[in-house]
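Here is the structure we will look at.
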Amino acid sequence: EDVPQPPVSQFYIQGQVYCDTCRARFITELSEFIPGAGVRLQCKDGENGKVTFTEVGYTKAEGLYNMLIERDHKNEFCEITLISSSRKDCDEIPTEGWVKPSLKFVLNTVNGTTRTINPLGFLKKEVLPKCPQVFNKLGMYPPNM
């Protein structure tokens, strides 16, 4: 017999922020994780679109961030957005193409109490010299290099 569980009142959101050193718009072997980068979590009501929750977090070693959310955000849509980079050479927020500066998700107990979000990346101003070799290995043409 199933015993009803009390509602979960805490969630952890975790993810990573990286420097896209090849401006590939995805992680490559040359990508570097950024400690000290800022991200914002914002949740909105699924029916009226009003903001219900906002939290800012910063990455630690290996570009990891971890946020504690104090209640279940059922029927809400949440979004993690890049807000700041600790690296002046890698602080461009991507706005073009299929990569967005944020990730959207639904936060609920169906997926457990820890939610791992896909990595978000800042674009490096100048690509690394080894980037063409990385794209060649992947069988791809470099984007606008």
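Just so you know, glycine gets a Cβ as well, placed from its N, Cα and C.
Look at Swiss-Prot and you will find Cys19-Cys90 (among others) tagged as disulfide bond, backed by similarity to another entry. In sequence order, Cys19, Asp20, Thr21, Glu32, Ile34, Phe122, Leu123, Lys124, Lys125 make up the list of same-chain residues 6 or more apart from Cys90 (disulfide bond) whose Cβ falls under 8 Å from its Cβ. Cys90 (disulfide bond) carries neither a helix nor a strand DSSP state and counts as coil.
According to its DSSP assignment, Cys22 (disulfide bond) is coil. Around the Cβ of Cys22 (disulfide bond), 25 further Cβ atoms fall within 10 Å across all displayed protein chains. According to Swiss-Prot, the disulfide bond annotation covers Cys22-Cys131 (among others), on the basis of similarity to another entry.
Using a 10 Å radius centred on the Cβ of Cys43 (disulfide bond) and all shown protein chains, the other Cβ atoms total 20. Residues or ranges marked as disulfide bond in Swiss-Prot (evidence: similarity to another entry): Cys43-Cys78 (among others).
Per Swiss-Prot, N-linked glycosylation site is recorded for Asn111.
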